[in-house]
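A.B. asks: Okay, handing you the structure first.
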Amino acid sequence: MELVVNQIGLNGEIDIPSDKSISHRSIMFGAIANGKTTIKNFLRGDDCLSTLKAFQDLGVLIEDDGETITVHGKGISGLTQAKKAIDVGNSGTTIRLITGILAGTDFSTELFGDHSIAKRPMNRVMLPINQMGAECSGHDGTEFPPLTIKGTRTLKPIHYQMPVASAQVKSAILFAALQAQGESVIIEKEKTRDHTEDMIRQFGGEIAISGKEIRIKGPQKLTGQEINVPGDISSAAFFLVAGSIIENSRIILNNVGLNPTRTGILEVIEQMGGKLTVEETGNKENKAGKLIIETSDLKGIEIGGEIIPRLIDELPVIALLATQAQGTTIIRDAEELKVKETNRIDAVATELNKMGASIEPTDDGLIIHGKTPLHGAKVTSYGDHRIGMMLQIAALLVKSGTVELEKAEAISVSYPAFFDDLNKLYQ
Ligand code: S3P
């Protein structure tokens, strides 16, 4: 599709769409809890709908009246064998987290997805889950989907030092540990998003967290809850960058979830010299807020270490931000970007360089030399929603020429109304 180019003065207010990570988990917890869970502001993006459909396939009654989703959970033992293989679409969160849930069932499940899912590494989840007594295997002796998960009602607890910083892996182990016979201990490599831990507590479970160490006893019974999903800071990120780099802009972003394990991008914008105001509106447990972003002069910085998991999904659009900053920005410790929906290190460097940026891909990140004007080009999202949205924001800077985006449809994975929302900001 042809992208909108050459904008100045983005102005207006956006109600940020609901958080993808929390939406997935609200269906999962609802399905394994006992009783009714109601979910308001569920993200109806392709990924979360894959999770919803997966649990329907596993026999859970889930109703959607267009506003509220109601999940009628009967506990983990209430799940029944799916009649056919479950399609997770493009969703890494679905396939990884559901593996931990299925580990405790007394049946086998097959999981498959699109061609990107068929390349996502799964040993990171299958190895610990198999250590707990389930039998998971990939396609043709590899670690890649389609996967078969043969569960067991007698899962063993695990003591696990995580080799990768991954909330998906941690969450899969937590779901299995909730069903195991005894106490599990998980030690994170770096602290990652903690929505699963929050929701274990919210659904009446017990979990002890001390820094990077998590202790959880199984088996536990959870109880259905009322969930209200806040806006996704990973979706807000595109407007935070647009508002910073498009001349003469001021954008207000409402209802953005501000869980501290997700707010690395706000720290980066501040360090680069961005004009950002945060007005907190949520309560202590569910931090949320209104963000106001204005155009500013930016400078290059170094981004690495513990902050990386707190902005991992925002790195493609942060790289774009850095193309408009004076000086060099170095992103390191971000090798996980290579195994996302696409290899995001290569995708960001290749596509933005086509538009005139000066970005060097490295083994664990990117080196971005700013400030560079951007020009028209033919670009692709590689079927990756976040690359697609980042390229539309980049296109807004293009003064002459056109930007043609291939595979724009991927954007509906996390933000179906992206183009409509952006449209509200044009003069
Ligand atoms: C997610 C965890 C992250 C993130 C993904 C969502 C989650 O993946 O990139 O978009 O909801 O747990 P990893 O666990 O692979 O880092």
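Cβ from N, Cα, C; glycine included.
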A.B. asks: Could you look at GLY89, GLY92, GLY204, GLY205 and say which one TrEMBL places alongside LYS20, ARG120, GLN168, ARG344, ARG386 in the phosphoenolpyruvate site?
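C.D. replies: Record source TrEMBL; matching candidate: GLY92.
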A.B. asks: Are there any residues at least 6 positions away along the chain from ARG120 (phosphoenolpyruvate binding site) with a Cβ closer than 8 Å to its Cβ? List them or say none.
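C.D. replies: For ARG120 (phosphoenolpyruvate binding site), the qualifying residues are GLY92, ILE95, PHE144, PRO145, VAL339.
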A.B. asks: Provide, as an integer number of angstrom, the distance between the C-alpha atoms of ARG25 (3-phosphoshikimate binding site) and ARG344 (phosphoenolpyruvate binding site).
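C.D. replies: Cα of ARG25 (3-phosphoshikimate binding site) to Cα of ARG344 (phosphoenolpyruvate binding site) measures 25 Å after rounding.
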A.B. asks: What is the pLDDT of the domain 'Enolpyruvate transferase' (10-422) when averaged and given as a whole number?
C.D. replies: 97
A.B. asks: Given the binding-site residues LYS20, LYS340, which one's Cβ is surrounded by the fewest other Cβ atoms within 10 Å?
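C.D. replies: Fewest other Cβ atoms within 10 Å, among the binding-site residues LYS20, LYS340, is found for LYS340.
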